[in-house]
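Taken verbatim from TrEMBL:
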- His60, Glu61, His93, Glu94: Fe cation 1 binding site (BINDING)
- 140-168: region 'Disordered' (REGION)
- His229, Glu230, His262, Glu263: Fe cation 2 binding site (BINDING)
Amino acid sequence: MLNVSQSDLGNLEALLLNKSGNVPLHNRFRALFTLKALKSDEAVRIISKGFQDPSALLKHELAYCLGQMKNAAALPILESTLANEQEDPMVRHEAAEAMGAISLTSSLPVLKKYLNDTNRTVRETCDIAIAKIEWDHSEEGQRHLASKPTEPRTYTSVDPAPPTSGLLAGRVGTATVSSVEELRSKLLDTQLPLFERYRAMFALRNVGTPSAVDALAAGFSDDSALFKHEIAFVFGQLLSPHSVPALLQVLQNPQELAMVRHEAAEALGGIATPEVLPYLKEYMTREDAPVVVRESCQVALDMYEYENSDQFQYANGLDGTR
Ligand SMILES: [Fe+2]
Ligand SMILES: [Fe+2]
């Protein structure tokens, strides 16, 4: 755990909550990532105060970070955020997912209350979070938790589902062509529970080859916004230039839900090949683009500039933003 003084915490709080009224959004994100790395109750307390903000993008990132910190002190704010029907569904979704990441069985009855929510994204997220908590506490999940990884994990994020069994370690060398094909058909099979399809998604991410990227991109024709936004998130972790055409299509599609387009913008910001930058610049200011998409482009461009300067690297690395 990092060591910070009270005055550092005070500064981080002032930045995150924009106390001066003129902190740019990307600096607020940076303060958030630093607090996330602290993982302490104090950091949870500061982050919890941010839910009064008007920016859905910021709030959904707060919820995501609280989940990644795996600190149960975050559960009250996550529960009240999920319960708040006036809140943006993208934020409520991220609160439910964070409860899944923290993975206490005491969250099961809370999540079950929203299985019939009026918002499909919220319903589906609760369904997956319940399955994840149950899996984490199953025999297989416990065995997985106890096992020591044989090699360093490429992705350090707490994912909404474990990779498909047999590919839990995600070893690229062992993934055959047939396993990519099997995973692809699982991913695209709308008869399967979303949790199982997510497991195939994270297994494909761990494989990471161009054919795995193609399989993932095929998921963009699904009709669940939640499912599609997760594919875009995974592309943001994979950072494969091979995914750029599919991501650009999503970003530019005015019929697509903002949550999905925003995640595509962030993934493109992570990939940031020269062909990508003009699109991010365009969508940062396009008046017909949803606020959350514009803000995502702004944050993505800032990250790009920041990572290409000699200033410190973003603390979250391959965890990606949400
Ligand atoms: Fe999300
Ligand atoms: Fe997101």
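Just so you know, glycine gets a Cβ as well, placed from its N, Cα and C.
Overlay of TrEMBL feature records on the structure.
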| residue | record | contacts (Cβ under 8 Å, 6+ apart) |
| --- | --- | --- |
| His60 | Fe cation 1 binding site | Asp88, Met90, Val91, His93, Glu94, Arg322 |
| Glu61 | Fe cation 1 binding site | Phe29, Leu32, Glu94, Thr321, Arg322 |
| His229 | Fe cation 2 binding site | Leu257, Met259, Val260, His262, Glu263 |
| Glu230 | Fe cation 2 binding site | Pro160, Tyr198, Met201, Glu263 |
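Of the chain residues outside the Fe cation 2 site list His229, Glu230, His262, Glu263, Ala225, Lys228, Ile231, Ala232, Phe233, Met259, Val260, Ala264, Glu266, Arg322 have their Cβ within 8 Å of the site's Cβ mean position. What surrounds the Fe cation 1 site, by Cβ distance within 8 Å of the Cβ centroid and not counting His60, Glu61, His93, Glu94, is the set Ala56, Lys59, Leu62, Ala63, Tyr64, Met90, Val91, Ala95, Glu97, Arg322 from the same chain.
Among the binding-site residues Glu61, Glu94, Glu230, His262, Glu263, the residues whose Cβ sits under 6 Å from any atom of ligand 1 are Glu94. If you draw a 10 Å sphere around the CB of Glu263 (Fe cation 2 binding site), it holds 31 other CB atoms from the protein chains shown.
The binding-site residues near ligand 2, defined by a Cβ under 6 Å from one of its atoms, are Glu263, chosen from Glu61, His93, Glu94, Glu230, Glu263.
Around the Cβ of His262 (Fe cation 2 binding site), the number of neighbouring Cβ atoms within 10 Å comes to 33.
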